[in-house]
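Structure first, then comments.
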Amino acid sequence: MSTGVRPGRRFTVGRSEDATHPDTIRAAISEFIATAIFVFAAEGSVLSLGKMYHDMSTAGGLVAVALAHALALAVAVAVAVNISGGHVNPAVTFGALVGGRVSLVRAVLYWVAQLLGAVAATLLLRLATGGMRPPGFALASGVGDWHAVLLEAVMTFGLMYAYYATVIDPKRGHVGTIAPLAVGFLLGANVLAGGPFDGAGMNPARVFGPALVGWRWRHHWVYWLGPFLGAGLAGLVYEYLVIPSADAAVPHAHQPLAPEDY
């Protein structure tokens with residue numbers, strides 16, 4: 001079964017019939033569920049901390065939220081990587097798109113699925129907590145919009161670079177088995193680094209769900225522009241400067257395992 005992921009270095013729009021291909025539909029459903037799993041646990045950890053403590057701006061609270069994000073993303077990537085590639089993030093999908101690893105048609109379907117998954121998870125979280133309003137993301141005092149854009153771009157560059165190295169690179173070898181942990185742990189580390197400044201979004205879907213359900217839109221554009229810039233640059237750098245030209249057209253890890261591999 002093909003997931004429709006293409007060799008790199010060739011931007012492709014894709015065919016209209018790709019949107020209704022069973023493999024594409026399965027991949028989009030996988031992205032929806034994986035993103036919902038991630039956002040529910042990630043935003044839930046923030047709500048839980050706020051429920052227990054009046055002041056969440058403590059070092060212990062930051063570590064707890066970072067760990068929750070790391071574990072949630074690791075699981076979300078693991079459950080989706082053999083079906084859709086385990087993007088779980090519109091910025092990661094964009095990085096794969098500019099590197100020629102997914103078609104535009106598939107990318108658009110992934111984006112829709114990821115955003116819907118994030119909204120569904122946040123709605124379920126609000127219902128399950130008796131109507132608690134998701135806090136979402138905000139810039140700390142003294143942090144300007146463009147400072148946050150730069151921070152988001154740098155953090156998401158690292159996230160996308162790690163994804164390329166452990167999931168997409170044709171020569172990733174056995175390192176591919178730790179891809180979910182590698183990506184998850186880096187996300188957690190970035191939450192520790194950037195959380196006190198802008199919440200450390202790195203994922204437009206992760207930010208969009210709470211923004212819509214909690215109706216908090218201030219500085220929202222920052223959490224789209226920064227991650228897309230960082231992920232797009234990482235995709236170009238890894239695709240053109242790291243992967244040898246001879247390996248660029250080699251199919252990669254977004255193929256499901258054969259039954260005997262389970």
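Glycine is treated like the rest: Cβ placed from N, Cα and C.
Small disclaimer: the values here were computed from a predicted structure and weren't measured.
Beyond its flanks by at least six residues, the transmembrane segment (27-47) meets 3-4, 56, 64-65, 68-69, 71-73, 75-77, 79-80, 83-89, 106, 109-110, 112-114, 116-118, 120-122, 124-125, 129, 132, 134-135, 205-206, 209-210 of its own chain at Cβ-Cβ distances under 8 Å. Feature annotation from Swiss-Prot assigns transmembrane segment to 27-47 (among others); the stated evidence is sequence analysis.
Here Swiss-Prot flags 61-81 (among others) as transmembrane segment, drawing on sequence analysis.
Counting only same-chain residues 6+ beyond the ends of the transmembrane segment (104-124), those with a CB under 8 A from a CB of the stretch are 4-5, 11-16, 18-19, 24, 27-29, 31-40, 43, 84, 87-90, 93-94, 96-97, 134, 204-206, 208-210, 212-214. Feature annotation from Swiss-Prot assigns transmembrane segment to 104-124 (among others).
Sequence-distant contacts of the transmembrane segment (148-168) (same chain, six or more residues past either end, CB-CB distance under 8 Å): 8, 81, 85-86, 89, 91-92, 95-96, 99, 101, 139, 175-176, 178-179, 182-183, 186-187, 190, 193-194, 197-198, 200-203, 219, 222-223, 225-231, 233-235, 237-239, 242, 252-254. Residues or ranges marked as transmembrane segment in Swiss-Prot (evidence: sequence analysis): 148-168 (among others).
Within the chain, the transmembrane segment (175-195) has long-range Cβ neighbours (under 8 A, six or more residues past its boundaries) at 62-63, 65-67, 69-75, 77-78, 81, 86, 151-152, 155, 158-159, 162-163, 165-167, 202, 253. Feature annotation from Swiss-Prot assigns transmembrane segment to 175-195 (among others); the stated evidence is sequence analysis.
According to Swiss-Prot, the feature transmembrane segment maps to 223-243 (among others), an assignment based on sequence analysis.
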